[in-house]
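What follows is a short report on a single structure.
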Amino acid sequence: MTNNIHYVDHWIVEETNFSPQWLAKYEAIMSQGNGYLGLRASTEEAYTNETRNWFVAGTFNQFSENEVTELPNIPDVINMKFLIDGEELDLNKGKTLDYSRQINYQTGELTRQFIWETNQGKQIRFEFRRNVSNTELHFIQQEVRVTPLSSETKIEVTSGINGRVSNSGSQHFIEWDKRKKEEVLQMNLQTSESDVKVTVSTKHIFYLNDEELVEKRDLQIFRRQIFESFSQKVDKNQTLKIEKTSSVFTSRDFDYEMNQSVEDVATEKTKAFNQSYKEFNQLTSEEWARKYQQAEVNIESSDFMDQLLMNFSRYHLLIMTHPCDNRVNIGAKGLSGEGYKGHTFWDTEIFILPYFTFCYPEIAKNLVEYRYQILPGARKKAAGNAYLGAQIPWESAWIDDGEVTPLYGDVDIVTGTQTKILTGLIEDHVSSDVVYGITQYLKVTGEKESAIYKQLVLETALFWITRAEKNSAGAYEIKDVIGPDEYKEHVDNNTYTNTMAKFNVDLGIKLLDGLSENEYESMMPYLNQQSKEAMLIQLTDFSENIIIPHVNEEGIVPQDDTYLEKDELDIQGYKDHPLVNQIFKEYNLDQVNEKQVSKQADVLLLMTIFFEKFTPEEIVKNFEYYETRTVHDSSLSLSTHSILASLLGNVELAYDFFKKLITIDLGKNMHSSDQGIHSASMGGVWQSVVLGFGGLKYDMVHEILHIQPQLPKEWNSLTYQFYYQGHKLEVFVTHDSFEVKNVSSSSENIVFYYNGIEYNSGEKIKL
């Protein structure tokens, strides 16, 4: 069967016919949210292969000692059961005509409509609309219209709260009680280990031809379920309308006040919430417009898919990121699925944070402050591994959870046993990635370096000093690591890792020079009680003697000590395959580890981050060498290659990689997003457009702003907006010229560099 995805325009994606085997695809790419909550796009009526997920950021819970903490699946409120003259709505039965389900990324609204013909031959039109508020973050609203087209029909509706949900079998909630309070159905629960209290509420209003119906409803209470049923005879061409308003409140909410119970807050606010769906959707649409207008990205292209991909990515970046809570971060699948358990990785700082730093600095600030708050867990991890300082967890969850990486993963195709997950043990570059991302945020926004920032830098620098080993020649080596390329385990002196560690330590040296004795003394308990002078000596020794692999005679920067010595392998078949991880159908990870095969950009990611440290000739040679050995099995890989190709001036190659980004989630691979969308790829799309084709780059070496745009031939123009040190700037690019305008209230000239020459905002520059 051919896929049923249709790209309507640069804002709307459509499912053109009902296909139960592809439910997960649409549940993920059409998911809704506001950063506080995330809701998969499950249908109202139930199907056997559905995945009903509703998550609230930060409500992590550990089901058992054998599992790691994860975001628990909140009781489902989307469910509705329809009986049409006693026959249950099921699109696998009867006939379905004129089916369409659409997500509008401009307004956030999800709609579905079809005509269903029962086995008795009756035709009924169903129209579903749903949205998640981004002004009242706790609320979801649905509207359903049911219209008989053949004759008078008895319509029965059962709807409410279903607590019989889990995370792939793990039940995270203890049910307290459930009841009906006036018009509100309510279920109160508590997570089994983290003791987070959760109240889920829902209420219904029924209308016949827009006149409210007040007939009695039957209350149905079962174990972990509370529903109400309503029955109404509806004449031909008349419409039964249901408005369902649902909410969730928890004891971990950013606005929770301890002097009032979660249940009371939920009851009070849900009762008082009286917006019609029309009003609700209008307010939500207006807020979406405001959010998008804060940092527009407009592509005039011969292929509208380019703008659609950009809008798709911006939408998902905003619904996965809490707008005002610095105790939560971004999961690798956002809030759109159970994949990676809602955990935060290095993806945030390297692939996602730049979007918020440049476009929504107020949200970026929350993401930065989250990392400050996990410092105690980082200290604990370092101490547990016999290191000093702070070792940032590879996977993070709630602010005091520490390292939460699972110990075991998929089954080894050769041995038949579960593969041990080493990333939480030896993929240490995350510590420097976090420091890099936060430092970039501070430089771009102009925010003052805080005491906690300085402490983070120095504690992670101390970790690197103790993580490294000094060899007989007096050089520091960082052994037994995993770099960004996760197909290479237990390697020594990964160039990316060592270079980022040096960056981290060099920052520490710079900060030490500017610290007063009192400032430093306050940090000493976390720095092994060393004097400032002793700390400076250690940092300087590390910086001057850390091994950084250099370009060899062939012009290649070694990825690590042994990569270039490994056997080569023809990987073209794996690169060309529409599905990832195909190499593991023939090899296990140990075998792949001994080949010149990379999962994703490693050396090339370093060259993208520190472009200024390499010559164009070096970058070209390394691009050609490593890309031919990279299978792009990570969703992080394509955007890096696109950006680097743009920086090298190979715009058409960059565009080829950009087009491949569509395949990760938005494309016609109907199972690529089953576990949720790929968060880092969303950030990578924006980076490919703005940092790549738009040429925006903050030079961390020289601390200056570069704008060096180049457009692919398929584009006529590109307009993008960003914030720089308190100013809102707009860049308009064509093939012939570009112009940078200060569109904030200030008319101050902003200095930037193009081709190494200094310019001011307001000047039109020829390309």
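Cβ coordinates are placed from backbone N, Cα and C, and glycine is handled just like the others.
Residues annotated as domain 'Glycoside hydrolase family 65 N-terminal' in TrEMBL: 15-252.
Here TrEMBL flags 312-687 as domain 'Glycoside hydrolase family 65 central catalytic'.
Other Cβ atoms within 10 Å of the Cβ of Trp346 (substrate binding site), summed over all protein chains shown, number 23. TrEMBL lists Trp346, Asp347, Lys599, Gln600 with the feature substrate binding site.
Every protein chain shown contributes to the tally, and the Cβ of Glu486 (active site, proton donor) ends up with 18 other Cβ atoms within 10 Å. Taken residue by residue with DSSP, Glu486 (active site, proton donor) is part of neither helix nor strand, so it is coil. Among the features that TrEMBL reports, active site, proton donor is placed at Glu486.
Residues annotated as domain 'Glycoside hydrolase family 65 C-terminal' in TrEMBL: 703-756.
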Gln600 (substrate binding site): tally of other CB atoms within 10 A of its CB: 22
Lys599 (substrate binding site) and Glu486 (active site, proton donor), distance between Cα atoms, whole Å: 6
Structural state census, the domain 'Glycoside hydrolase family 65 C-terminal' (703-756) (DSSP three-state): 0 helix, 31 strand, 23 coil
Substrate site shell beyond Trp346, Asp347, Lys599, Gln600, criterion: Cβ within 8 Å of Cβ centroid: Phe345, Ile350, Pro484, Glu486, Ser634, Leu636, Ser637, Ala680
Sparsest-packed among the binding-site residues, when each Cβ's other Cβ atoms within 10 Å are tallied, from Asp347, Lys599: Lys599
Distance in Å spanning the most remote Cα pair of Trp346, Asp347, Lys599, Gln600, given for substrate: 16
For Asp347 (substrate binding site), the three-state class that DSSP assigns: helix
